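For reference, the structure discussed in these notes is given below.
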Amino acid sequence: ENITDFSLNVTDCTQVVVPEEVFFTVAAAGILENLLILIAVVRNKNLHLPMYFFICSLAISDMLGSLYKTLENIFIILCKVGYLTRHGDFEKKLDDAMDSMFILSLLGSIFSLLAIAADRYITIFYALRYHNIMTLRRALAILAIIWTFCAGSSIAIALFSYEAATVIPFTILFPLMMFFILCLYVHMFLLARSHAKKIASLPTSTVHHRTNMKGAITLTIFLGVFLCCWAPFVLHILLARFCPHNPYCACYMSIFHVNGTLIMCNAIINPMIFAFRSPELRSTFKKMFYCSR
């Protein structure tokens with residue numbers, strides 16, 4: 001609220017407001033689509049594999065992001081009609097809880113993408129030992145560590161979000177993890193050709209390699225979509241903390257609602273990529289819809 005009031009004085013850029021109906025529609029679609037992914041994986045025992053458990057982790061992160069924006073919008077509406085105040089103790093705790101959910105969604109998405117990238121890397125370059133390296137128990141342990149770390153970090157960051165020492169590591173983590181995942185993908189594609197020659201003599205190696213590379217391309221699309229949807233909002237956090245008085249920063253912050261909508265669009269796009277590029281999920285969805293009919 002303070003940033004919005006001040007930005008009106010230092011810039012001519014008007015606030016871009018997204019209609020509440022759009023917020024709720026996009027958020028509901030994201031929650032339902034990712035819930036459908038979770039149900040499909042739970043119902044189909046053939047999908048009880050480490051890769052799909054990591055995908056479920058990403059789906060949960062997307063659901064949390066949509067749920068966060070939904071609750072935040074409801075909170076703003078209640079403040080406008082007078083049921084809640086902006087500076088009360090209860091409202092302060094509620095705001096901290098929603099901030100914690102937002103950070104949990106962001107960290108969960110980053111580390112889920114990292115786990116998916118690592119799983120795909122092992123699948124491509126250690127195909128013969130994959131089931132020994134990435135067991136189901138080990139995948140569940142990795143997810144438990146990821147979500148424990150993300151939950152603890154989200155609570156700590158939300159409680160101390162006004163300290164620069166907290167904001168700086170949080171904002172640095174985003175480009176750092178994205179750069180690490182990007183390096184992993186570049187390394188993956190550079191070694192793909194030489195690795196294909198080594199496994200060319202194995203039975204069904206060509207089909208297996210094409211399948212794995214298709215999965216790598218799918219995950220590359222995930223990464224690109226994630227960056228396009230989350231990077232503007234993370235940039236907003238940086239500008240709001242370090243240059244709120246700059247007219248150019250204030251002008252960028254006038255599209256806050258648009259950046260929030262992009263986060264929810266990410267929750268809609270990811271399940272579509274799963275459905276279109278995964279034959280197993282497509283088959284499961286068809287069976288689910290046919291059975292319901």
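Including glycine, each Cβ sits where the backbone N, Cα and C put it.
Record features, source TrEMBL:
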DOMAIN    33-274  domain 'G-protein coupled receptors family 1 profile'
TRANSMEM  22-42  transmembrane segment
TRANSMEM  49-68  transmembrane segment
TRANSMEM  102-128  transmembrane segment
TRANSMEM  140-162  transmembrane segment
TRANSMEM  168-192  transmembrane segment
TRANSMEM  213-235  transmembrane segment
TRANSMEM  255-276  transmembrane segment
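A Cβ distance under 8 Å defines the sequence-distant neighbours of the transmembrane segment (22-42), meaning residues of its chain 6+ beyond its ends; these are 48, 52-53, 55-56, 59-60, 62-63, 65-67, 69-70, 73, 260-261, 264-268, 270-272, 274, 281, 284-285, 288.
Among 49-68, 140-162, 255-276, 49-68 has the largest number of CB pairs under 8 A with the transmembrane segment (102-128). Distant neighbours of the transmembrane segment (49-68): 26-28, 30-31, 34-35, 37-38, 41, 98, 101-102, 104-106, 108-109, 112-113, 115-116, 119-120, 123, 134-136, 138-140, 143, 146-147, 215, 222, 263-264, 266-267, 270-271, 274, 280; these residues of the same chain sit at least 6 beyond its ends, with a Cβ under 8 Å from one of its Cβ atoms. Per-residue confidence over the domain 'G-protein coupled receptors family 1 profile' (33-274) averages 78 (mean pLDDT, predicted model).
Within its own chain, the transmembrane segment (140-162) is flanked in space by residues 53-54, 57, 96-97, 99-101, 103-104, 107-108, 111-112, 115, 170, which lie at least six positions past its ends and keep a Cβ under 8 Å from the stretch.
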